[in-house]
């Protein structure tokens, strides 16, 4: 968990360098710094462990704030939800990098870190009983998640239903970066490939199916026009049920 925390801190300061600063009056009190950021001292030195816990929570909230700013431009170009209900499926699982990312997207790490903070405030007994593995909790469908490149995807479907070519590299000021997509799909080698876990097969037909959501990526259409478009990628594995009729 220490390694995870350090990874998030490094990612956070990288975001700080890239994120645009807004007007001071938006932040309040005439400060251009992000809320919750300390310029000196350590979390442990601020009145003991309780203050450290408050500091960690504040830091986690700061991550969310930075992420909101980084995705601010994407939200401006987000499709009109009244005209396309599929816009609700928009998600951020794209990263531009010179090498394969070693961790899931920052939003996933942030959620995991918050869960860690919640667990840290529990007693050992409560924490032990809240562990899903100890409660016997299992996923209805087995899934796998991994980073893939445009070389793996090659083509995708955009929001208008057309097939576009996913560009492998994105030009930047100092060269080129590869587009990586964090995809989640049903595990073909898992125990649920023949049906969902925990479903009464006497009354239901079940199947684990991979579903998709929209992400924004650099693509080229059939007319050789290059631009940022919303495309579909695999993002989850869900269970679908149909009732069995009379035999």
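The backbone N, Cα and C atoms fix where each Cβ goes, glycine too.
Annotated features, as they stand in Swiss-Prot:
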type	residues	note
SIGNAL	1-18	signal peptide
CARBOHYD	121	N-linked glycosylation site
DISULFID	141-208	disulfide bond
DISULFID	186-237	disulfide bond
DISULFID	196-239	disulfide bond
Candidates 141, 186, 237 (disulfide-bonded residues) - the one closest to residue 196 (disulfide bond) by CA: 141
Return the count of C-beta atoms lying within 10 angstroms of the C-beta of residue 186 (disulfide bond), excluding that atom itself. 21
Within 10 angstroms of the C-beta of residue 208 (disulfide bond), what count of other C-beta atoms is obtained when all protein chains are considered? 24
Could you state the whole-number distance in Å separating the C-alpha atoms of residue 239 (disulfide bond) and residue 186 (disulfide bond)? 10
